[in-house]
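S.K.: The region 'Disordered' annotation in Swiss-Prot covers 1-34. Per Swiss-Prot, the feature transmembrane segment maps to 40-56; the stated evidence is sequence analysis. Marked as Zn(2+) 1 binding site by Swiss-Prot on the basis of sequence analysis: HIS93, ASP95, GLU206. Annotated disulfide bond per Swiss-Prot: CYS145-CYS235, in sequence order. As annotated by Swiss-Prot, Zn(2+) 2 binding site applies to GLU206, HIS277, HIS298, with the evidence given as sequence analysis. Here Swiss-Prot flags HIS233, ARG309, ASP369 as substrate binding site, drawing on sequence analysis. What Swiss-Prot records for ASN382 is N-linked glycosylation site.
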Amino acid sequence: MSTMSARDNEKGSARSQPSHAAASEIENVPRPSRQQSWTGTMIKVFIICACAGIVSKYIIPLDSIFKSVHIDPHDYATRANRILSTTPLIDGHNDLPYLIRLETKNKIYDHEKLPFRTGLLSHTDQIKIQEGKLGGQFWSVFVECATDPNAEIDDPTWAVRDTLEQIDVTKRLVQEYPDLLEYCESASCAKAAFKRGKVGSFLGIEGGHQIGNSLASLRQVYDLGVRYITVTHNCDNAFATAASTVAVGKPDLGLTDFGREFVKEMNRLGMLVDLSHVSHQTMRDILSVTKAPVMFSHSSSYALSKHLRNVPDDVLNGVTKNGGVVMVTFVPSFLKVDDPASATIHDAVDHILHVAKVAGWDHVGIGSDFDGTADVPEGLENVSKYPRLIELLLERGVTDEQARKLIGENILRVWSNVEEIAENIRALGEKPNEETWSGRKWTAAIDIPMPFMFKDSADKRKEL
C-alpha cells in the first residue's frame with residue numbers, strides 16, 4: 001500500500017474539493033436511467049463482439065494471409081515453404097515401426113538406445129520430420145508374409161499377434177512424443193492436428209495376411225484405429241493376387257469372390273482400400289466393385305517404369321473415375337526398373353507429373369516408403385527432403401494450388417469421402433459381413449463334453 005505526506009494529502013484534498021456552485025451544477029446534471037445504462041452497456045458489448053468477429057474472420061486465419069502474400073514466382077524455395085506451412089504434407093507410407101520391431105524388439109522408452117529426438121541413421125526421426133515439414137503420416141504396422149513359399153493361406157501363423165504388437169508400439173511411439181505427434185483416426189483430426197502444429201499419425205496395415213484373411217479380424221483392427229489395409233503384400237491371400245506372384249510367372253487371377261466381400265466390408269466400415277502391392281488385374285477388379293474411392297499408398301507409374309508394383313495408365317484412368325488417389329513412392333527400383341542405382345529425385349518428379357497428367361491433379365499424392373527400402377534416390381535420402389521435392393515441382397511449372405492437392409488435400413478429400421460413404425451405408429442398416437473364406441478350416445475340441453444347440457450338431461461338429 002502506498003503512503004502520502006500530510007502536505008500531499010492537503011494538496012490532494014484541496015484539488016479534490018469542488019466549489020459550491022460547481023457542486024450544485026454537478027448535482028443538477030441528469031443522471032442516466034437504469035434503462036439508459038443497460039442500453040449503453042449492450043451497445044459496448046455489441047461493438048466488442050463485432051470487433052471480435054472481424055478479428056476471427058480476418059486476423060486469426062493467418063494461413064489465409066500467408067497464402068495471399070505476394071512472392072516472386074521464381075523464388076521456388078519460399079513458395080515451397082509457404083505451401084508446406086499452410087497445407088499438411090501427408091505421406092501415405094512409412095515403415096519406421098517395423099525398424100523399431102527389428103532393432104529394439106518394440107522397446108521405445110530408453111531414449112539413448114532409440115534416439116528419436118536427436119537422430120537415427122535411418123530415414124525418419126524428429127529432426128528430419130521438422131526439417132521436412134511433414135504434416136501427417138500413415139505409419140505402416142507391417143509384418144511380413146509367411147517365410148515358407150509353400151505355406152497354405154489358412155496355415156496358422158503369428159501374423160495377427162505381431163500386427164497387434166505393431167499397432168501397440170506405434171500408438172505408444174506417438175504418445176511418447178506428444179509435442180511432435182498426434183494420434184488420429186479421422187480426416188478431420190488430421191486437419192486439426194496440423195493446425196495445432198502436430199504431425200497427425202494414422203495406422204495402415206500392409207497386407208490381408210495380417211488380419212488372418214478374416215472379416216471379423218478386419219472389424220477388430222478398425223476398432224483399434226487402423227484406417228487403411230493394403231489388400232495384399234508380397235503374397236497371395238484369400239482376397240486377391242499379389243503383384244509379386246505375377247512377377248514370378250504365375251497367373252494373375254485378380255480379386256477372389258471373398259475379396260469382393262472384403263472390399264464391401266471395408267466400404268461399410270469406412271476403411272481405405274489400398275491397392276499398392278496388388279496385381280494389375282486385382283487393381284481393375286477392385287475399381288469395378290468398390291463403392292468408395294481407393295488409394296495407392298506407395299506406388300508409381302508403370303508407363304515410366306515397367307515394374308509390376310506400379311500403376312498402368314488404364315488403372316490411372318479408373319482412379320480418376322473412382323475419385324481415388326495414387327501416392328507416388330520413392331523406391332528406386334519402382335522409379336527406374338532398368339537402372340535403380342541411377343534413380344534421383346528428378347525421377348520421382350517425373351512419376352508425379354505423369355500420374356497427374358493421366359489421372360489429374362486431384363488424384364495424385366506422396367507415399368515415400370521411407371524406412372521400408374534400404375536404397376533411396378539421390379536427393380530423397382530421408383524425410384527432410386520433401387521441401388526440395390516441392391521446389392523442383394514448382395520449377396517444372398506446377399502451380400501452388402496443384403502442389404497443395406498433391407501433398408495433402410487429395411488424400412484428405414479421399415479419406416473424408418470414404419468416411420461419408422460408410423456413414424451412408426450404415427444408415428441404410430447394412431449389418432457386418434459374416435462371410436468367411438471357402439477354404440477356411442474350422443477346428444473344434446470335440447473330445448470335450450459340451451451341450452448341443454441343435455439335433456444334428458453331433459455330425460456337424462465332426463465335420464469341422
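Glycine residues also receive a Cβ, built from the backbone N, Cα and C atoms like all the rest.
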S.K.: List the recorded positions among HIS93, ASP95, GLU206, HIS277, ASN382 whose C-alpha is within 10 Å of the C-alpha of HIS233 (substrate binding site), in sequence order, or say none.
M.R.: GLU206, HIS277
S.K.: ARG309 (substrate binding site): which of the recorded positions CYS145, GLU206, CYS235, HIS277, HIS298 have a C-alpha within 10 angstroms of it?
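M.R.: So far as Cα distances go, the recorded positions lying within 10 Å of ARG309 (substrate binding site) are HIS277, HIS298.
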S.K.: Around ASP369 (substrate binding site), how many other C-beta atoms are within 10 angstroms of its C-beta?
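M.R.: By my count, 23.
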S.K.: Where HIS93 (Zn(2+) 1 binding site) and HIS298 (Zn(2+) 2 binding site) are concerned, what is their Cα separation in Å, rounded?
M.R.: 6
S.K.: Residues other than HIS233, ARG309, ASP369 within 8 Å, Cβ to Cβ centroid, of the substrate site?
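M.R.: Nearby residues not in the site list: HIS93, GLU206, THR230, ASN234, SER276, HIS277, HIS298, SER299, THR329, VAL331, GLY372.
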S.K.: Given the recorded Zn(2+) 1 site (HIS93, ASP95, GLU206), which additional residues of the same chain have their Cβ within 8 Å of the Cβ centre, ordered by sequence?
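M.R.: Along the chain, the qualifying residues are ASN94, TYR98, PHE138, SER140, PHE142, GLY204, THR230, SER297, HIS298, ASP369, GLY372.
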S.K.: Just to verify: the residue among HIS298, ARG309 with the fewest other Cβ atoms within 10 Å, which of the binding-site residues is it?
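M.R.: Each of the binding-site residues HIS298, ARG309 was scored by Cβ atoms within 10 Å; lowest is ARG309.
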S.K.: Between the Cα atoms of ASP95 (Zn(2+) 1 binding site) and ASP369 (substrate binding site), what distance do you get, rounded to the nearest Å?
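M.R.: Between the Cα atoms of ASP95 (Zn(2+) 1 binding site) and ASP369 (substrate binding site), the distance comes to 7 Å.
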S.K.: Once GLU206, HIS277, HIS298 are set aside, which residues in the chain still have Cβ within 8 Å of the Cβ centroid of the Zn(2+) 2 site?
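M.R.: Same chain, not in GLU206, HIS277, HIS298, Cβ within 8 Å: HIS93, SER140, PHE142, GLY207, THR230, HIS233, ASP274, SER276, SER297, SER299, ASP369.
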S.K.: Looking at Cβ-Cβ distances, which residues of the chain lie under 8 angstroms from the residue listed as 'N-linked glycosylation site' while being 6 or more apart from it?
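M.R.: Counting only residues 6 or more apart in sequence, the Cβ neighbours of the residue listed as 'N-linked glycosylation site' under 8 Å are SER122, HIS123, THR124, LYS128, GLY132, PHE370, VAL376.
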S.K.: Near GLU206 (Zn(2+) 1 binding site), which residues of its chain come within a Cβ-Cβ distance under 8 Å, counting only those 6 or more away in sequence?
M.R.: HIS93, SER140, VAL141, PHE142, THR230, HIS233, HIS277
